[in-house]
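These come from TrEMBL:
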- 111-131: transmembrane segment (TRANSMEM)
- 174-358: domain 'Aminopeptidase N-like N-terminal' (DOMAIN)
- 393-610: domain 'Peptidase M1 membrane alanine aminopeptidase' (DOMAIN)
- 464, 468, 487: Zn(2+) binding site (BINDING)
- 465: active site, proton acceptor (ACT_SITE)
- 549: site 'Transition state stabilizer' (SITE)
- 690-1009: domain 'ERAP1-like C-terminal' (DOMAIN)
């Protein structure tokens, strides 16, 4: 899945649960209740510690900790304690009260008893002290077979539910699903029937699977041999979204059975599961559309299933629809049969073996454009009026599909590949096997309104989702803790494939920008390792972040650069061949690499230092004559009362170091070495003027040089920038500003380095310099330091004045030059430089006078719209055009301009309208929140809006989702006062525990703390030297 971010950073579910105190406890003590459906030996989670599921007297060897359900167990224990404690209040005896209402002194008898109790307590303490040490270990000193007290969840009908974990048991494996769905798009309800063929891997009496929100009407259970229907009981445990099918007789190991469930349900009202949307066509007629979004945990809301990635099976999908609609699913259509009335049933061929989250079906009015390549029919589907915007996507998809098949040496296994533009979808795209769904803006390209950045976005998202057909679909992570195996690989291949097939897009610039932002996130306390233990739905949702996507991709880039491209490709091919149609863990990937590299390099040992610990290294370089001393430590931004402390001696990485010197010639390879200890000494053949580490920023680390070496690099940039690549120049700018945040270098030195910008002509270094400058400007502006903010911008603007003056208001030049034009003119108009606003307003007025029919240069269109939206008449005209435009690319530019207004009333209306979702789709809310939150007029308004509507937000987008992460960050990242810090902390602490523990919340708090410390450290110095 590709998360979608409004700033197009090359970075794209569950509701807040009720407090345990709001409902009757749904657990019982098995020591006091007869066991109706006892837990089977392998279906109990044993844990002696009081914070988890309560089982007294069991040793460590009986524990399966890998599948512990921390959240539910703690909740069950809390509820159990409430049951037991309620009776204590009635048995408390206090002091005796006299007739006058005054408490009398304790009697001699009472004093004697107290003395006795005290002596007993002291004795107990001494006994405990003298007990064998094993008494307090997890193993204990007890016998294995001693009695236990279990606590077991209660089903919705009051009976015992025979499973306590959030993860499903491993005793049943689904083989095939036959699913029939009949949706009513106007009432947004559907009926369904699913027949599941299962195989018993271990004898059991219970079938545990997922189901959420279904009204189950009938359950049929049949043994295959002999074919005989058996009566069963169905139980539901809503807290885990699980049902249990309890059979009268044991299901025997190795035998196959068939389970059929008839049910009905409401279509989802948010963007998850099987959901319905309405939209208006070009004639303003209301239309209906239904689509699926199952990743990660929503297939269970569309049909009862084993909804975990490792439970792969084949699927036969049948969809009942009205005749005016088109139905699509993962596989090609097998038949269409007219049934009762005007209804048609479409049946699709049986699928390949796949996970439930990849199942997809769509019903709506659609048109398509197709092209065949190597026997595979590639189709782009859109609503009818937008089919003319599909050609670019079709050409891109065909070219990339051919590339991937050749590169992986594995043919795409299906006969068709559909790419569908959905009128309303929250994710940027979703990689459903054979039926990829997209936002309209990430698939469609309008030649009149789509800019070069829109073109890059479409190509990038298609490349990402097609890569998933191998990484994620063909080979799937076993559990969500290894999500990076899906998303990291897809993200890496996205940029790699574009660099091979669409070099003119200069996609490396976007990847570089994404890596810089990801490392900022990864330097915080709230970071997590790419492979992280997850259990709850919120934890799973939070794995869909920039670390899984872009850190994962960055580690693969680093490994490719170190191994060289041909070796890396050979390893990837072996990995895919070894594990096709399987569910795997990270070790399986590294084992495949080691099969090829083991004689020269232990890739597994090396890469586990990167995937199993959070953060990344800071490499410090000191040059002395012909020797270079290199040291590593964790680059760690930690806000404390005593300042920022980067040191963390417990972390060690195996770092592929690459470096060049002042004697380097472009045709030569860089020096490469592996730093697998805290420090090392590198020897040069001769003394050099300077060294530059992390060549082309292919390594996932930051480099700090001794003062003389920083000075040497600064002088080299001022003398001749061509000796360093544009990637290296961007890397130096990023590293020195990040090091200034760490306190390793002064902010003045960082600005000294970018003094060379007058000679810079490439997009990546200028983009990074402007990002750092704008961040400082935004922070200063929000605390009222307007004059100081302007001085900061002026210093950089003077350096870039020649480049700004050279820009034309056109779409001329290479794609990279056109993108640079957009960046420079946006900077100039935002800060009112070089008569930029006058020129933009002139173009805007000409466009208005033509009633929006005059063609504007697409690359400068966002700037023109933003300037035009500053006036009342301009804002109103743009809003009218937003409602009538058929181009999603144009609508996005208009919406961002509308949200850039300085009129607080307009901003509040936009926020409310996008949350309501009627006039402005709710998928646009993150874009609006981020744009409003960055402006001086709107940053407090955006935060207030989030506070006031928090419950609605998490109901619509789910707690922990990428959208919620984006909204929290977008409304808090520019706060830099203790008052705002306290306000943010207080607000989230007042929410549920699941909310306050979200990583995005912890990250927001840490960023505010770091902003406060940055102000305390730099505010006076900035005033002095600017």
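Start at 1 and count along the chain as shown; that gives each residue its number.
Just so you know, glycine gets a Cβ as well, placed from its N, Cα and C.
Note that the coordinates shown come from a computational prediction; the quantities given were computed from them, not determined experimentally.
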Which value does the mean pLDDT take for the domain 'ERAP1-like C-terminal' (690-1009) in this predicted structure?
95
Cα separation, residue 549 (site 'Transition state stabilizer') to residue 468 (Zn(2+) binding site) (Å, whole number):
12
Cβ within 8 Å of the Zn(2+) site's Cβ centroid: which residues qualify beyond 464, 468, 487?
1, 2, 431, 465, 467, 471, 472, 486, 489, 490, 491, 493, 494, 549
Most Cβ neighbours within 10 Å: which of the binding-site residues 464, 468 is it?
464
Rounded to a whole angstrom, what is the C-alpha distance between residue 464 (Zn(2+) binding site) and residue 549 (site 'Transition state stabilizer')?
11
Residue pair residue 487 (Zn(2+) binding site), residue 549 (site 'Transition state stabilizer') - Cα distance, angstrom, rounded
5
Could you round the CA separation between residue 465 (active site, proton acceptor) and residue 549 (site 'Transition state stabilizer') to a whole angstrom and send it over?
13
Hey, what's the Cβ neighbour count for residue 549 (site 'Transition state stabilizer') at 10 Å?
30
Take the Cβ of residue 487 (Zn(2+) binding site) and count every other Cβ within 10 Å, whichever protein chain it belongs to.
30
